[in-house]
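Trainee: I have a structure here, written as structure tokens, and I will follow up with some questions on it.
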Amino acid sequence: MSEEATVQGMETHKRMSYLHWDDYFMATSLLSAQRSKDPVTQVGACIVDSQNRIVAIGYNGFPRNCSDDEFPWTKAKKDTKDFDPLKDKKMYVVHAEANAILNSNGATLTGTRLYTTLFPCNECAKLIIQSGISDILYLSDKYAEKPTYRASRRMLDAVGVGHRRHVPKQKQIIINFDDILEEDPNSSLNLNDLHL
Ligand SMILES: Nc1ccn([C@H]2C[C@H](O)[C@@H](COP(=O)(O)O)O2)c(=O)n1
Ligand SMILES: [Zn+2]
């Protein structure tokens, strides 16, 4: 039997396949990460208040007006003879979590939750603690053993900021613009004509 009960083609019950809150906010973070120009790791973050309202979102990128085409997206290799620390993206990138906090535009973040696609580093942990965020949900912890992430965990644990890996309820969420356009008789837009 289908999830949505129907009588003579009319939906009579609420739709059951709606997104769970945590999946919704993590998906928002993932969507935000898609804005990142970082060729290796795209990170997205979303801050949510106790009433499940999105306060701010962010992704990793260079500071405003620092050109994505002029600043380097490379990682400088320390043990090479032409090592140049100024050619390393980490000198310039604003992390997704930091951008989300900055994008909150002065709203109080006390007691909010941060959804992030990657566990926060130590610098972001400092900002998270100082801004009053009380819980972190993350997807990946791929750098867990690096000192910056161990320091992050140490600070978060010391002050009681909760952190847990988000286990998605849904395996995937498909966004297909075509689905909406196909059911709209007034749409003259043909997605095949788009220049992406
Ligand atoms: N929690 C984090 C961790 C990292 N980022 C950013 C910083 C870089 O743009 C990228 C990591 O690059 P990789 O070392 O994997 O080449 O992710 C962040 O925004 N938030
Ligand atoms: Zn960070």
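Quick reminder: no glycine exception, Cβ is built from N, Cα and C everywhere.
Taken from TrEMBL, the feature active site, proton donor covers GLU97. Taken from TrEMBL, the feature Zn(2+) binding site applies to HIS95, CYS121, CYS124. Residues annotated as domain 'CMP/dCMP-type deaminase' in TrEMBL: 20-156.
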Trainee: Is it possible to get the count of other C-beta atoms within 10 angstroms of the C-beta of HIS95 (Zn(2+) binding site)?
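Mentor: A 10 Å sphere around the Cβ of HIS95 (Zn(2+) binding site) contains 22 other Cβ atoms.
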Trainee: Could you tell me the C-alpha distance between CYS124 (Zn(2+) binding site) and the residue listed as 'active site, proton donor' in angstrom, no decimals?
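Mentor: Their Cα atoms are separated by 6 Å.
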Trainee: Excluding HIS95, CYS121, CYS124, please set out which residues of the same chain place their CB within 8 Å of the center of the CB atoms of the Zn(2+) site, keeping sequence order.
Mentor: ALA96, GLU97, ALA98, PRO120, ASN122, GLU123, ALA125, LEU127, SER152
Trainee: Would you find the one among the binding-site residues CYS121, CYS124 whose Cβ has the most company, meaning other Cβ atoms within 10 Å?
Mentor: CYS124
Trainee: Work out, from DSSP, the number of helix, strand and coil residues along the domain 'CMP/dCMP-type deaminase' (20-156).
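Mentor: Going by DSSP assignments, the domain 'CMP/dCMP-type deaminase' (20-156) contains 47 helix, 25 strand, 65 coil.
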Trainee: Sort out the sequence-distant neighbours of GLU97 (active site, proton donor) for me: same chain, 6+ apart, CB within less than 8 Å of its CB, listed by position.
Mentor: VAL43, ALA45, GLY58, LEU114, THR116, PRO120, CYS124, LEU127, ILE128
